[in-house]
């Protein structure tokens, strides 16, 4: 039975966590939760979808135990029920068109969403947790959370998986919204065809008026193509003005793309999220999941061995599983460390490590902290530049076998400036978990 006392306890919990998360996170994940029932043994919460349950338990389990009943195992005693779907009220500019019209009007660039790329089978870890949370926020509330959402990271880390997951979720849960998923190359080809067929106006109308969600993969292919960039930039502006959701992926952050300041500004106007290289435990989880999909059993020790030697991206791990699967099925073999060493010999070989340079460190720091290399080399003292600059100096001292005087010269600073930066970062790292993770991401990017 729901009492005012129960409601007060839940309100106190919300007030407590509100001070520990951003307003956007609170609005997306916590505000929609309703207390339905409560006893001394269990609380029933109504949630809009399974992602909210996952977010709540992943981030606030200890806090929930402090406010709500706990079960015999010390876990929060909560029963979750999914709220019945509500009818989506579409703004006037989100007019609907029939499927026959869609077929007739949709350009050839539409990418079919990969059915295997869904939130449910995306393996989450520290380096991609933020990206997944942001993507789920966008999928839950298209056009209202982060717009545009810009996801960047290296090749084969799961950017396309997340992009297609957003598309699937919106199509299944916001059925009246029209989703268009394209690669940048496909958009360019579509525009070329439209110019050739003298149907540019029709293409512009489609992209700017008849789409509610635009998912764009690999925006880096727009570099050095000024006319195409201009067209896509106008499309972004038109969609943003009418409240449509835009999600973009790239192999580098907006600040490092060779695009106009105007286009970069639009991309940086929403949320920029970095997807890093998965750490060892996540790579092992990915391996085990991919193997399970193929009916393979990989002993935990062997999975760790593979993950320790293949760490650049997820795609390489998938390739390793495919090769092992073929050998095991064709030759009727069990997976052992010896078989892995023999079968994946070329994949496990590590290229000789080049000497790490200050330039490498600066580029990696710039990518993770979303600043320009030129700013890191400059003298600006604003916090958003000064902190990453000090991180670069700290990592240079850690990773490069040079004297402080030589490192100072590389940064255009004195050796005492380098020393001060290192001491400052060492002090901050002791208490700042976010900074520790960011430094870890930079280090992994450099070492890989």
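Each residue, glycine too, has its Cβ placed from N, Cα and C.
Positions annotated as ATP binding site by Swiss-Prot, on the basis of sequence analysis: 156, 158, 159, 160. The region 'Domain I, interacts with DnaA modulators' annotation in Swiss-Prot covers 1-76. As annotated by Swiss-Prot, region 'Domain II' applies to 76-111. Taken from Swiss-Prot, the feature region 'Domain III, AAA+ region' applies to 112-328, supported by sequence analysis. The region 'Domain IV, binds dsDNA' feature in Swiss-Prot is assigned to 329-448.
By neighbour count, meaning other C-beta atoms within 10 Å, the densest spot among the binding-site residues 156, 158 is 158. Taking the centre of the Cβ atoms of 156, 158, 159, 160 as the ATP site, the nearby residues of that chain (Cβ within 8 Å, site residues left out) are 153, 155, 157, 161, 162, 249, 275, 313, 314, 315. Under DSSP, residue 159 (ATP binding site) is assigned to a helix (H, G or I) in the three-state scheme. Neighbours of residue 160 (ATP binding site), defined as other CB atoms within 10 A of its CB across all chains, total 19. Within its own chain, residue 159 (ATP binding site) has 151, 152, 153, 217, 249, 250, 275 as residues 6 or more apart in sequence whose C-beta sits under 8 angstroms from its own.
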